[in-house]
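Notes for the one structure printed next.
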Amino acid sequence: MVCAVATASPPATHAADHHARLKAAAARSDLPGALAAFTAMSSSSPSSARPVVRTFTALLKLCAARGDLATGQAVHAQLAARGLAPDPLAATALANMYAKCRRPADARRVFDRMPARDRVAWNALVAGYARNGLAEAALEVFVRMQEEDGERPDAVTLVSVLPACGAARALPACREVHAFAVRAGFDELVNVATAILDAYCKCGAVDAARAVFDSMPVRNTVSWNAMIDGYAENGNATEALALFNRMIKEGVDATDVSVLAALQACRELGHLDEAKRVHDILLAVGLKSNVSVQNALITTYSKCKRTDLAVQVFTELGSKTRISWNTMILGFAQNGCSEDAVRLFSRMQLENVKPDSFTLVSVIPAIADISDPLQARWIHGYSIRQDLDRGVYVLTALIDMYAKCGRVSVARTLFDSARERHVITWNAMIHGYGSHGFGKAAVELFEEMKGAGALPNETTFLSVLSACSHAGLLDEGRKYFTSMKEDYGIEPGLEHYGTMVDLLGRAGKLEEAWSFIQSMPIEPGISVYGAMLGACKLHKNLNLAEKSAQKIFELGPEEGVYHVILANMYAGASMWKDVARVRTAMVKKGLQKTPGWSIIQLKNEVHTFYSGSTNHQHAKQIYARLAKLIEEIKAVGYVPDTDSIHDVEDDVKAQLLNTHSERLAIAYGLIRTAPGTTIQIKKNLRVCKDCHNATKLISLVTGREIIMRDTQRFHHFKDGKCSCGDYW
């Protein structure tokens, strides 16, 4: 609110008394009291200029501290009316006020009109520019200060300009300021040394920062915080955590800054035990009520795959902010607890916490993981009602969600409606096409992306290469892999190499795929050899399968799926001693094959089926319907493919195939839904060849469309055919 200067005559009180009242009010940050004193003295005839100027500067400092631009401008007007604006003290206070009220241009105008400038005035302008994010301007004034006026910078100048060096990532300037500080002897001051090391960290020169830190004769908490945070922000989580532990050992109290950096390091390293220790420390130093710290703790526990601990922190958090809710929802979504994420989102609304774009970007992937088209439409409608659907990140999440819910045409409609397309938007749609087997559409969209001037990134190429792999577009895949580095300077990562091996292997180019692996410039990982092993299984090449499997076993896989693949290939070749050897090795290592399951969601209820499970409440009806289905598809040519099952009789093999989880889910869907309704299921493993053949025929004899999402892609079964063209 602008303070109107009163015209009524104040009581006859000496100006010094009014100034004393104003100064006392300013010390208390009492703006109304300061304004009252200012008004009382505004029409007095000052006995000298100095008390009047001091009065104005005291009020300007208070305006600066409170960010009260309107009152500051009124004071400026009074100074101008009295002819006092050029006074060095007044002008410096005005420049400082304008800078702190985020009006650096006005601060510069006041500064430029000053007939004489002292170091305090220069410092005010340097600090003003730095505070307002105008790093280059701050550096320019720092140079001018020395060149034009010959004014020697002091410690205040350095502490003001160094953050500007860091913000501009101006490493040469940072080094020059550091050298000046050393020559002037300011580097031994703890605040200057801390500012130097912080600027180095911001410039990415962490080793230089550490050298400054180690040479400091005295360090305060801010120094430790700056160095720990510098390591964390520059990706050196190990050193950040080590220095944090050293700080605690030396008896320096942790603050929110050092705790936040330590937690960041813990989640990057996945160190759960260290995270728990940091948790104990923050409780000990009284940071339990710090919401930012607690939110970071929720994120850290979630990243360490302990959502139970994250929930405990969230539950005990007394004052939850929207960020707290968003963090917990995201934690659930990232750990595969999709149902929990959706439930928490619903609870968030019940507690009248208004979601924002980040909330939706967190919960939409959870709904995508559930793959329920009804929930997808609901969240889309909700985002429209909240006027959040047009933001590029929410829209991209919606596109990805619809593709993962089997509605790729809806995803494309949303994509076409986008006013703004970020690279992630293109990636989501290209990936959506690829996951549904529409390789040509993915390639066409990729070409459209390039034509639109959008620059692809690593994820773009991974998506388009995967699309080529699923659709058998060998030549296109080779071309794009070469283009990555030659045209865009993007170095392929392990996932890109693995996808190329998959592309070559699926196409039957096994020798080329193996040679491709041998020529890789980086060490192949499990994903690369796993793709090779899968191709060997598909094309029954036992020789290369053994070589691939041996490499995988040397890398120490956490699951037994690769052992099972090799054992089954040995069994197919009647090499029973080798079968026993692989299975024994698997047992000794404590590895197990991930049990297969399939889910179907009907009327907001998720039904999960495991192979051969009989614990469903409608198990009798399900198995009866399944038995009838088998007879119906046998009548149109179904013959069980039992190559993947060994050590049992043929009739038992057929029975085992008939109770695979996806068939149980499909049978239940046929029982519970109306004729003609599309059935959609999700499977946690790759669909086997026999189930793929059976599902095609089930779609034929029932007249139903069946959409199956497995770990590789979507299969749309209709009229006895699959969208993948039997190439998956």
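We count from 1, first residue shown onward.
Each Cβ is built from the backbone N, Cα and C atoms, and glycine gets one as well.
Just so you know, TrEMBL annotations are computer predictions that nobody has curated.
Keep in mind the model is a prediction, meaning the values are calculated, not measured.
Annotated in TrEMBL:
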DOMAIN    637-728  domain 'DYW'
REPEAT    118-153  repeat 'PPR'
REPEAT    220-254  repeat 'PPR'
REPEAT    321-355  repeat 'PPR'
REPEAT    422-456  repeat 'PPR'
REPEAT    457-492  repeat 'PPR'
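Residues 88, 91-92, 95-96, 98-100, 102, 104, 107-108, 111, 160-161, 163-165, 167-168, 170, 173, 177, 180, 184 of the same chain, all 6+ positions outside the repeat 'PPR' (118-153), place their C-beta atoms under 8 angstroms from a C-beta of that stretch.
Across the repeat 'PPR' (457-492), the prediction's mean pLDDT works out to 96. Panel annotation: around the repeat 'PPR' (457-492), residues 423-424, 426-427, 430-431, 433-435, 437-440, 442-443, 446, 449, 499-500, 502-504, 506-507, 509, 712-713, 724, 727-728 of the same chain, lying at least six beyond its termini, place a Cβ under 8 Å from a Cβ of the stretch. The helix, strand and coil residue counts that DSSP assigns across the domain 'DYW' (637-728) are 35 helix, 16 strand, 41 coil. With a threshold of 8 Å between CB atoms, the same-chain residues lying at least 6 positions outside the repeat 'PPR' (422-456) that come near it are 392-393, 395-396, 399-400, 402-404, 406, 408, 411-412, 415, 463-464, 466-468, 470-473, 476, 480, 488, 490, 713-716, 723-725, 727-728. Counting residues of the repeat 'PPR' (220-254) by DSSP class, helix then strand then coil, yields 26 helix, 0 strand, 9 coil.
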